[in-house]
Amino acid sequence: MGASEENSSLFPIFILTIMALPLVPYTMLKLCRAASKKAKSTHCQCSVCLRSGKYRKSIFKRISNFSTWSNLTLVLLWVVMVVLVYYVKHISHEIQVFEPFSILGLEPGASDSEIKKSYRRLSIQYHPDKNPDPEAHNYFVEFISKAYQALTDPIARENFEKYGHPDGRQGFQMGIALPQFLLNIDGASGGILLLGIVGVCILLPLIMAVIYLSRSSKYSGNYVMHHTLSTYYYFMKPSLAPSKVMDVFIKAAEYMEIPVRRSDGEPLQKLFMLVRSELNLDLKNIKQEQAKFWKQHPALVKTELLIQAQLTRESGALSPALLRDFRRMLELAPRLLEELMKMAIIPHNPQGHGWLRPAIGVVELSQSIVQAVPLSARKASGGSGEGIAPFLQLPHFSEAVVKKIARKKVRTFQDLQDMTMQERAELLTQVAGFSSAESLDVETVLEIMPSVTIDITCETEGEEGIQEGDIVTMHAWITLKRCSGMIGALPHAPYFPFHKDENFWLLLADSVSNDVWLSQKVNFMDEAAAITAASKAIQEAKEGSGASLKEISSAVKETVEKVKSGSRLVMGKFQAPAEGNYNLTSYCLCDSWIGCDIKTSLKMKVLKRSRAGTRGGAVVEEGPSVEDGVEEEKEEIEEEYDDYESEYSEDEEDVKDVESKGNGSSSDSSDAEEEDE
């Protein structure tokens, strides 16, 4: 009986241990993530962002944000653990070890007369003839009588004093941490025990494996469906213009799963009339164009209209059901756009190059969705190649305000940024009719807008010059500065209802051939990770070049200081192409702000590889000398959008003409070289 009680008491301890093993580290991980997220959430403080409610810390919103299935399950498990701890703590006092002296109320080593005297006293109190209580009878038989026998029998007493048990030396006893009713294998209890063993040891792991495999076969590591990735890859084309990227974006399987209800028909018709001007319909054949639009798959029609509702800021006209679908669409948009970007820049040719034109289109679509700016606002107008889109992301700005300040020769966004704070305040209050508070909101947003510079070099490590076939290493330092002095911050995006980090895409590309040679996403929020990655990269590069420990330590220290001051190191390798001069361009594109993208020209000269495999020295040519095969020119060039096709939106035939001309010129130059030889 004592063994069964001990086994039963071990069962709560066993369950408590099994629960604590995964629960404690998972809870610590959740708390660390919440703390890091809170620490880096530096958001815009303008009145428009504050009124949007996205950053409001009300008690109801806190409860709503906390009331997720994972958090509620976590709290429930901790409540169960507390109950188990309380139960184990109290049940440990109820289990009594067989101690004859303590049962009879005597001190160890008492005499026989004292034992008999105590036994008679307890017999009067608990004997069945004296006390009819069943519990008293059970206590007298199981404890008092056995204790008296253990102490009055000389052999039993000697065994107890020597081995701690009246029956002498006991063997090793093992218990099972299961309740007593499961240890009784007779009748139904045996089936319950068998069912529990099968469920815990076989069915539970099998169910978990099936759930994991089914989910992993459906979703990628970024929680995007594999069907979406295959669809994006199929429809991605090298000549895909930025204005046509949305046609590919809305074909995501996640959007196709959003239900299209019968009750959505009338609200979607009203929304169509509000955003019709943004759908690129032919006004000459408007009836045929409208009919063609509505003949598309209903999910495609609904998704495109909801995206246009975001771009035109018409979400207030949506019904409650459509508003839920609208929020779901925006919640999925950032990671779907990231995967669409990856489909554009993954290797598409034998040289391992991606496509520049669709990549720029994806970033422009991401900027427009985050800032809720129509794609038509990117059309070149008023001497500005980037249109009025950068102005519209500022608070209280509209197309009418842009026209007013244009009369004062502020036609580009750069003109507005170059003005002093006092000049901007006078312009906005006197010309645009802003109040002092509204003018202050504009200044607040301009202070957190990022300004990015690129310092990029390409070289063959340990060699002079770049020869065809070499493995070229690109070193790029991207430096971000804001007028507010911050480095990492959330963008001003009052119409995007979710938190959105700033991400930058660095592309090393040949704009003529539409090829992306190298690409990498850069984020300025996690400084610790950036320090670790940059330090490791610099250390490996210095060790490979044979630098001393002092030089390595100095280089790493300098790298850490640069990262802390707002710079990020991007490194990549690519194989040098055939001999010739290449005019490359490094792009740094922001996926959240409009008008913050920059381009830097980079001229790279690839030398012909020597026949013996030795490296040639410097090559002297007419004109500017090229040192180490690379001449870097850093010029910030404003993006030029031609009818919102940006500067890479030539028709497919134009791209082919450029490629054919390029091939013809390269073949002519090679023929001329052969004649010279």
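Any Cβ shown, glycine's included, is placed from N, Cα and C.
Long-range contacts of the transmembrane segment (12-29) within its own chain (CB-CB distance under 8 A, at least 6 residues past either end) are made by residues 74, 77-78, 80-81, 84-85, 87-88, 91, 177. What TrEMBL lists as transmembrane segment is 12-29 (among others).
Per TrEMBL, transmembrane segment is recorded for 66-88 (among others). Residues 9, 12-13, 15-16, 19-20, 23, 26-27, 30 of the same chain sit 6 or more residues outside the transmembrane segment (66-88) yet have a Cβ under 8 Å from a Cβ within it.
The domain 'J' annotation in TrEMBL covers 99-164. Sorting the domain 'J' (99-164) by DSSP state (H, G, I as helix; E, B as strand; all else coil) yields 48 helix, 0 strand, 18 coil.
Positions annotated as transmembrane segment by TrEMBL: 192-213 (among others).
Annotation source TrEMBL lists region 'Disordered' at 613-677.
If you look up TrEMBL, you'll see 624-656 marked as compositional bias 'Acidic residues'.
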